[in-house]
Every structure is written in C-alpha cells, then in structure tokens.
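> Okay, here's the structure, questions in a sec.
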Amino acid sequence: MNYRNDIDGLRAVAILGVVLYHAGLKKMSGGYAGVDVFFVISGFLIGGRIFLDLEKDRFSFKDFYFRRVRRILPALVAMVLVTMIVGWVTLIPHDYRYLGGGAVTALLSLSNIWFLNRIDYFNPDATLDPLIHTWSLGIEEQFYAIIPLLLFLLWRVSKKAVLPALLLITLASFATALATAQEYRLEAFYLLHTRAWELLIGVLVAWSVRNRPLASPWHTPTYIAGLILIVFGLWSVPPNVPWPGVWTLPAVCGAAMVLFAPQAASPVTAILANPLMRFVGLISYSLYLWHQPIFGILKKAYLWPQTIAGLLLVCAALIVTATLSWRFIEQPFRTGAGWNRPQKATFWAAVAGIWIIAIGGGITEGYPKRMPTEVSETLAVRESYSPTYRRCLLVRNKVAAYDFNDACTFGDLSQEPTVALLGDSHAGRIAQPLGDALKKHGKAMVELTLSSCLPVAGLINDGQSRATQCPAFNARVLEYLSEKPEITQVILYANWVSYAFETFGPNMFGIDPSSTTIPSFPVNGPKPASSEGREAAFISALATQLKTISQHSNVLLVVSTGNLQVDLPRYIANRQWWNTQTTRNFTYPRSIERVRGDALRAIFESAIREAGPLKYEVSLFDLNNLFCTEDACDLVRDGTLLHSDTNHLSLPATKILAAPMARALSVD
C-alpha cells in the first residue's frame with residue numbers, strides 16, 4: 001500500500017478526541033469515539049497489508065505477528081513499567097494491587113476482559129484508572145490473532161468468497177452489538193464480537209480500494225462528508241447511549257469514507273496532511289499510551305489542575321513524554337534497530353519486572369508497608385461499615401426468588417418489626433446502628449435494601465445495566481409492606497443526588513468535575529425529552545410512592561446530599577503520606593451542599609404536595625443538620641472521618657445519626 005500522509009492526520013483527529021475527552025472537555029461529548037476511528041484505521045492498514053502480501057504470494061504469519069509485536073509491545077511495556085514505578089509512590093495499596101492486575105492483563109492482550117469484570121468505562125471512577133485505556137489494545141490484538149488466518153483461508157479457498165464472507169461477519173457483529181448494547185452494556189463495549197465490525201469495515205475498505213483508479217469525481221465530496229461525520233461523532237454524542245451502536249456509526253463511517261477516497265495534494269487533504277497534524281498522528285500511539293497514566297494518577301492523587309495554565313502544563317508534559325517514547329522506543333524497535341541483544345535483554349527484564357511487582361502486589365494486598373501507620377489507619381475507614389452490611393444488602397441475583405420474610409431485622413428481636421428501612425447501599429450502611437438505637441426503645445426494624453436502587457417504584461436508573469432488577473424489587477417491597485400492617489414507620493433513604501439530577505454539581509472543593517450521575521426515568525413509556533420533564537416524572541413517581549406507603553404507614557424521607565465526588569479516605573491519606581494534611585478537623589463550605597441540597601428539598605416538598613391529602617404523615621429528616629453548621633459541613637470531626645468513600649457515610653457517622661433518627665420516628 002502506498003503511504004498516505006492524510007492517514008497520519010486522521011490518527012491525529014482520533015487521538016485528540018480521546019485525549020480531550022479524558023481531560024474533561026465538556027463539549028467533546030463523544031471524544032471516546034476516537035478509539036472507534038482508530039479501529040477503522042487499523043483494519044484498513046492491516047487488511048491492506050495482508051491483501052498485498054497475499055496477492056504477491058509472500059504472506060507470512062511469522063512476519064505479520066513479529067511486525068505487530070515490534071509495533072505494539074515495546075512502548076506498551078515501557079508505559080506499564082513506568083506507571084507501576086510512579087504508582088509505587090502515589091497509589092494507595094488497594095489501587096496499587098488493582099494496577100498490577102491491569103498491568104499483567106495489558107501484556108497478555110486481555111485488558112478488555114479485565115475491565116469487563118471490574119468497571120463500566122463510562123463510570124466516573126474509570127477516568128481515575130491509569131490503565132483503563134488498554135482495553136482497546138486488547139480488542140485490536142485479539143483481532144490481529146484472528147484476521148490473518150481468516151483472510152489467508154478465504155484467499156486460498158476462493159478470492160470470490162472474501163468479500164461476501166467479510167460482509168456477513170461485519171453485519172453479524174454489528175447486529176450483535178445493536179441487540180446487546182442496551183441490556184449487556186459492558187459486554188457489548190468491551191468484547192471483540194461486538195467490536196469486530198469496526199475493524200472489519202476498515203478491512204472492507206482496504207479490499208475495495210485494491211487496483212482501482214485513484215481519481216474519481218466522487219472522492220472529494222466523499223472525503224469531505226467523511227470528515228464532517230467524524231467531527232459530528234466526536235462532538236455530538238448524547239449521554240448514556242448504548243455503545244457501540246447507532247451513535248457509533250458517524251465516526252466509523254466517516255473514517256471509512258476518508259480512507260476510501262484518497263486525494264492528491266489539495267486544500268481538502270491539507271486539513272489532515274499538514275505537518276502539525278501529521279506529527280500528532282505519528283506520535284498518536286505514544287500519546288494514547290501515556291495520556292491516561294498521566295491523567296489518571298494526577299486525578300487519583302487529587303493533583304489534577306483546575307486552571308487553564310495547569311492544564312496546558314499537563315498537556316505539554318504529555319506531548320514531551322509521547323515524543324520521547326516515539327523517538328526512542330517506538331521507532332528503534334519498529335524498524336528493527338531496537339532488537340539487538342542488550343535491548344532484547346532490557347525488554348524482557350522490564351516484562352519480568354512488571355510480572356514480579358504485580359504478583360507481589362497481589363500477595364501483599366498492594367504493598368501496604370510502603371505507607372506509615374497513620375496512613376494505613378485512615379485508609380481502613382474505606383472498609384468502615386457494620387458487620388451485617390454486605391450480608392443484608394440484597395444480592396441482585398436473588399431478587400425474583402428472595403423471601404422477604406428472611407430479610408435482616410435489627411433492634412429488639414423479641415418484637416415484630418414496626419419499622420421498615422427502604423433504599424440503596426446508603427440505607428444499608430445505617431441499618432445496624434439505627435437498629436441498635438431502636439432497640440433502646442423496644443422496637444425492631446426490617447431492612448429492605450438493594451444496591452444502586454432508589455426506593456421509588458416506577459423509576460429506573462438511566463444506562464445502568466445492574467439496575468434492571470430495581471423495578472421488580474421495588475414492586476415486591478410495596479407488596480410486602482401491604483401485607484404487613486404492623487409496620488407503621490417506613491424510612492426512604494438513598495443517594496438521592498445520583499438519581500434526581502443529571503449532574504452531581506460541585507464537589508467538596510466547589511469544583512464541578514462534570515461527573516455523570518445515573519438519573520432516573522419512568523420504567524414505562526418514553527424517556528422525558530428534557531431535564532424539566534425528567535424532574536417532573538421523578539416528582540410524580542415519588543408522590544405516588546408516598547401516597548401508596550402512607551395508606552398504612554408514616555414515612556420518613558431522608559434528605560442526604562453529601563456526595564463529595566472525592567474519595568475522602570484516599571484524599572486524606574495522600575496528604576498524610578506527603579505530610580500536607582492533618583486529620584483532626586476538616587470541613588467544606590455549607591454553600592456547596594446547598595447547591596444540590598436546596599434543589600433536593602424542593603423536589604421532596606413538591607412530591608409531598610402532589611401526593612395530596614395523606615392518611616399518615618410524611619416528614620423530612622435532613623442529615624445535613626447533623627453534620628453541618630450554617631457555614632460549614634464536617635468531613636473529619638475530632639480526628640474521625642465521616643465518609644468512607646466519595647458518598648457513603650463511615651460507621652462512626654452512621655452512629656452519630658442513629659439516635660436522632662430514632663427519635664424522629666417517634667419512638668422515644
């Protein structure tokens with residue numbers, strides 16, 4: 001295949017989309033589609049090279065895979081090793097152990113499988129993972145393991161079979177993606193069988209341009225239309241859409257059109273073939289490798305800059321790092337100059353070092369002895385919850401068959417429960433401490449909680465695959481309550497901010513990190529088209545829930561807005577580790593809480609009004625009154641951390657609220 005300058009420019013467009021998306025550029029809503037553009041380019045170049053070698057009867061599996069190894073592994077190994085070295089002095093044990101798993105699977109071309117079983121790519125926490133981006137390398141390398149053999153066999157059987165076979169496989173892969181991306185969101189995103197169509201489109205383009213005239217009156221408009229589609233795909237993807245899917249097509253088809261329509265030097269090709277874009281394209285692989293470790297570690301250590309000058313400094317450091325990686329690692333190894341005996345020894349020593357560090361991290365739980373005792377004690381708060389918490393938070397795969405009469409009960413177990421606690425994991429955290437407080441009043445409580453499920457029938461979390469059982473769970477809870485007239489008090493407690501709003505709002509530093517919530521929408525009927533419509537639907541569903549429960553019970557609606565969006569134990573531990581923070585007392589401004597707190601209280605009050613006259617009482621219990629003054633909210637009080645992560649209360653904090661909540665239930 002003839003070298004095309006504009007393909008380097010196309011790579012530049014793809015990598016800029018990915019980097020800007022991970023840097024937090026709000027308007028680059030589909031920047032991650034840059035990876036899909038890379039898939040098409042890879043399929044085009046790999047397919048074109050294989051077809052050329054097959055035509056000249058010189059194809060060699062050994063040569064093919066050796067070229068892939070030289071192209072991918074040296075820079076990848078260098079990035080992973082440096083990330084583990086830097087992580088040694090920046091990452092807490094839990095994160096470092098996790099990093100080791102990602103490092104090993106990256107070397108084995110199995111990163112996509114690793115992350116499939118651990119985190120949703122669109123989860124805000126994924127942006128903190130230094131190696132999350134290696135999932136796409138796993139996809140490509142698995143594709144490279146299959147496509148040479150497939151094309152070789154098709155070519156040997158019949159050249160006429162190549163095109164229909166590729167078309168059939170491409171359509172099957174795309175159809176599978178469409179059919180599964182909604183219900184099996186993670187599998188569709190991370191696995192090869194739902195991604196292969198993107199690479200195969202590149203292969204199909206490579207097949208179609210063989211031996212055809214370079215000039216055509218349709219090339220220029222096709223080329224321009226392709227560029228427009230790519231830009232649209234990078235900038236205009238709505239939130240929470242199934243991916244890959246229909247919204248993936250603009251970027252994929254746009255890339256295919258640009259590759260299909262080669263241009264002679266012209267103002268059109270100047271867009272992609274200018275020297276600056278070509279340079280960015282040349283270092284695009286190293287940019288891709290290094291951007292996420294730099295971004296992820298800075299974010300995880302809460303060192304991410306909040307000024308334009310700081311962001312520019314990070315970007316400059318990234319460009320320098322990528323350029324050095326391209327010049328001194330990629331190029332020598334790719335051309336063969338990097339495979340002399342000393343360099344081979346260095347390469348394999350680096351690989352061995354990664355494995356040794358990773359295995360040691362697994363055995364020691366992340367090398368905790370790296371950290372002072374004080375830091376380890378702070379990090380222990382991350383596991384700060386009652387002994388019954390995990391056992392009593394209903395297991396998802398038991399929803400349909402679960403007997404609610406076997407649900408956990410707390411308090412005075414000699415009595416029938418008269419209090420029911422409904423909610424998600426936030427409610428689960430307070431169950432035992434609240435039960436202990438209720439025991440002093442001779443009362444018992446039953447816990448009916450399911451992680452990530454807001455306690456409102458008729459609503460479901462947008463785009464969260466594990467929430468699919470929430471409607472069935474909530475329906476069964478209401479049925480259970482209707483059969484238990486002895487239950488006269490019902491508590492509704494959840495991470496309301498995550499369900500009621502489309503963004504979290506400012507974090508505890510007053511900075512809006514643009515984290516994505518999992519806003520709820522009606523189970524039945526179309527999604528509301530606007531934020532106002534979605535809020536109205538939320539209020540209506542909550543009003544219905546209150547009206548239903550208040551037919552037989554009083555309702556205590558808990559106002560909780562302490563969604564810090566900062567992992568408090570990790571933040572405090574890092575500052576202790578670096579001697580920049582003490583833990584006696586630490587607060588954040590009450591004005592930050594009120595951004596979401598006032599709006600949430602207004603939603604609750606609207607729902608109570610909409611519910612109309614009620615048989616029993618609905619009252620609000622505001623947790624912020626326990627942890628906040630008029631001016632500030634406590635995060636660390638007298639040396640005690642009140643949060644165990646970004647949003648859950650720690651065990652000491654749940655004990656603080658237990659007695660006042662018990663009194664609010666009119667049981668004293």
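Just so it is clear, glycine is given a Cβ too, placed from its N, Cα and C backbone atoms.
Unlike curated entries, TrEMBL annotations are predicted automatically.
Pulled from TrEMBL, these are the listed features:
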type     : residues : note
DOMAIN   : 5-326    : domain 'Acyltransferase 3'
TRANSMEM : 7-25     : transmembrane segment
TRANSMEM : 31-52    : transmembrane segment
TRANSMEM : 72-92    : transmembrane segment
TRANSMEM : 137-155  : transmembrane segment
TRANSMEM : 161-181  : transmembrane segment
TRANSMEM : 188-209  : transmembrane segment
TRANSMEM : 221-238  : transmembrane segment
TRANSMEM : 245-265  : transmembrane segment
TRANSMEM : 271-290  : transmembrane segment
TRANSMEM : 302-325  : transmembrane segment
TRANSMEM : 345-363  : transmembrane segment
DOMAIN   : 403-662  : domain 'SGNH'
> Between 0 and 100, where does the mean pLDDT of the domain 'SGNH' (403-662) sit?
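Averaging the confidence scores along the domain 'SGNH' (403-662) gives 88.
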> Checking distant contacts: for the transmembrane segment (31-52), what same-chain residues at least six beyond its ends satisfy Cβ-Cβ under 8 A?
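Contacts with the transmembrane segment (31-52): 1, 7, 10-11, 13-22, 25, 59, 64, 121, 136, 139-140, 143-144, 147-148, 151-152, 195, 198-207, 209-210, 230, 233-234, 237, 243-244, 248, 250-252, 254-256, 259, 288.
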> Between the transmembrane segment (221-238) and the transmembrane segment (72-92), are there three or more C-beta pairs closer than 8 Å, counting only pairs 6 or more apart along the chain?
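Counting Cβ pairs under 8 Å (6 or more apart in sequence), the transmembrane segment (221-238) does not reach the transmembrane segment (72-92), since there are fewer than 3.
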> Let me check one thing: do the transmembrane segment (161-181) and the transmembrane segment (245-265) come into contact, meaning three or more Cβ pairs under 8 Å with sequence separation of at least 6?
yes
> So if I exclude everything within five residues of the ends of the transmembrane segment (137-155), which remaining residues of that chain have a CB under 8 angstroms from its CBs? That is, six or more out.
39, 42-43, 46-47, 50-51, 54, 59, 61, 64-65, 68, 72, 76, 105-106, 109-114, 161-162, 165-166, 190, 192, 195-196, 199, 203
> Using a Cβ-Cβ cut-off of under 8 Å, list the residues of the same chain that are 6+ residues beyond the ends of the transmembrane segment (188-209) and lie near it.
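Same-chain contacts beyond the ends: 1, 36, 39-48, 51, 112-113, 115-116, 120-121, 135, 139-140, 142-143, 147, 151, 162-163, 166-167, 169-171, 173-174, 176-177, 180-181, 242-245, 248, 252-253, 255-256, 259-260, 262.
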> Please give the sequence-distant neighbours of the transmembrane segment (345-363): residues at least 6 beyond its ends with Cβ less than 8 Å from one of its Cβ atoms.
73-74, 77-78, 80-81, 84, 96-97, 99-101, 103-104, 107
> To the transmembrane segment (245-265), which of 7-25, 72-92, 302-325 is linked by the most Cβ pairs under 8 Å?
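Stretch with the highest Cβ contact count: 7-25.
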